Amino acid sequence: MKITEITIRHLQMKLKAPFTTSFGTFTNRDFLLLEAKDEQGTIGWGESVAFHSPWYNEETLKTNWHMLEDYLIPLILNKEINHPDEVSAIFEPIRKNNMAKSTIEGAIWDIYAQQTNQTLAAALGGTKDQIEVGISIGIQNSIDELVALVDEYVRDGYKRIKVKIKPGWDVEVMRTLREKFPDVAIMADANSAYRLEDAPLLKQLDEFNLTMVEQPLASDDIIDHATLQKQMTTPICLDESIHSLEDARKAIEIGATKIINIKIGRVGGLTEAKKIHDYCESMGIPVWCGGMLESGVGRAHNVALTTLSNFILPGDTASSNRYWEKDIIEPEVVAENGYIQVPQTAGIGYAINRETVESYTVEKKTYN
Ligand code: OSB
Ligand code: MG
């Protein structure tokens with residue numbers, strides 16, 4: 001295939017309810033949507049999961065647009081590509097900027113799957129026809145409000161409840177949840193809110209039989225995570241620290257992580273995500289698919305990736321209607337009893353509603 005035209009749109013979608021992490025609160029999701037067309041007219045879609053500001057990692061919507069416009073799109077346009085796995089080699093001269101790279105790579109995977117007349121899931125080597133999902137709940141104003149939300153999502157059938165924690169919203173919150181929901185799979189995500197000196201506090205979480213604690217310490221510190229893991233029985237799962245197969249290998253080797261959260265954008269695309277998946281499988285490390293409050297396009301990529309065999313634990317890819325009044329895909333992603341049915345049409349498997357896309361578009365530009 002040869003990509004002959006790329007359109008980038010900045011979309012802004014209002015979240016149904018604000019989402020709060022240890023870094024702050026979102027009310028809107030601003031992101032880039034990328035549409036790529038090849039010489040036969042096949043269209044593929046990619047989503048940048050970078051946020052408006054650099055709180056999760058150093059990338060932002062604007063740095064992604066800059067990287068795409070000035071470096072990545074020129075490297076891709078009119079180049080003969082036989083397989084999406086070649087994209088990472090084409091991008092090798094560009095360091096990091098993984099979310100920007102992943103945006104194009106995802107669209108190329110979509111085109112490749114359509115041209116080979118298979119689902120994106122099958123193109124990746126996935127085998128499941130349904131995937132198990134959990135849900136991630138932001139920090140709430142009170143424990144009572146959190147308990148009410150957890151109750152609602154447990155009734156909805158979500159297979160695992162993840163709760164954001166931060167200093168002052170941690171041990172008592174988890175204790176209450178465990179008391180109220182003795183049999184539910186519960187985990188906590190700190191988004192790097194603690195330091196190794198908080199180990200005595202974090203160790204108290206061991207009482208609550210949590211499935212895991214996600215990214216308690218700094219994103220660039222797998223060494224302290226290894227030290228902490230030696231002191232805790234609850235498995236540590238790394239999110240922000242893992243940008244590549246090499247990061248995964250080192251973190252596993254030093255005992256910093258027993259489970260890995262794979263996010264396609266954070267690791268630079270589906271090809272690298274698959275490599276991490278395969279390596280973790282060979283090492284007996286379970287993985288699950290993280291979420292970045294994606295629109296339907298990113299959600300579709302997550303669903304496809306999760307069909308690979310070592311995605312053993314439920315991911316964060318909840319129903320579209322947990323986030324949006326109206327998503328940009330048709331049909332929307334629906335979790336029923338904690339399962340999402342994997343779409344069976346070629347490519348990402350969901351149609352893009354162009355009218356809805358336009359209604360959320362703040363800015364757009366075409367490159368050819
Ligand atoms: O750390 O997994 C995270 C949302 C935004 C940024 C980082 C994270 C999250 C979530 C929500 O936990 C996942 C989702 O529902 O998409
Ligand atoms: Mg996380």
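Glycine is treated like the rest: Cβ placed from N, Cα and C.
Automated prediction, rather than curation, is the source of TrEMBL annotations.
Following the DSSP three-state reduction, the secondary structure of Lys164 (active site, proton donor) is strand. The C-beta environment of Lys164 (active site, proton donor), restricted to residues of the same chain at least 6 apart in sequence and closer than 8 Å, consists of Thr20, Thr21, Ser22, Ser136, Ile137, Gly138, Ile139, Ala188, Asp189, Ala190, Asn191. According to TrEMBL, the active site, proton donor annotation covers Lys164.
Positions annotated as active site, proton acceptor by TrEMBL: Lys263. Residues within less than 8 Å, Cβ to Cβ, of Lys263 (active site, proton acceptor) and separated from it by at least 6 positions along the same chain comprise Val49, Asp239, Ala273, Cys289, Gly290, Gly291, Met292.
Annotation source TrEMBL lists Mg(2+) binding site at Asp189, Glu214, Asp239. In the three-state DSSP assignment, the secondary structure recorded for Asp189 (Mg(2+) binding site) is strand.
The domain 'Mandelate racemase/muconate lactonizing enzyme C-terminal' annotation in TrEMBL covers 143-235.
The 10 Å shell around the Cβ of Asp189 (Mg(2+) binding site) contains 26 further Cβ atoms across the protein chains shown. Cβ environment of Glu214 (Mg(2+) binding site): Lys162, Met187, Ala188, Asp189, Ala190, Asn191, Ile236, Cys237, Leu238, Asp239, Asn261 lie under 8 Å away, each six or more residues apart in the same chain. Counting every protein chain shown, the number of other Cβ atoms lying within 10 Å of the Cβ of Asp239 (Mg(2+) binding site) is 21. Proximity of the recorded positions Glu214, Asp239, Lys263 to ligand 2, judged by a Cβ distance under 6 angstroms to any of its atoms, singles out Glu214, Asp239 in sequence order. Summary of the Mg(2+) site environment: with the site residues Asp189, Glu214, Asp239 set aside, the chain residues having Cβ atoms within 8 Å of the Cβ mean position are Lys162, Met187, Ala190, Asn191, Val213, Gln215, Cys237, Leu238, Glu240, Asn261, Gly290.
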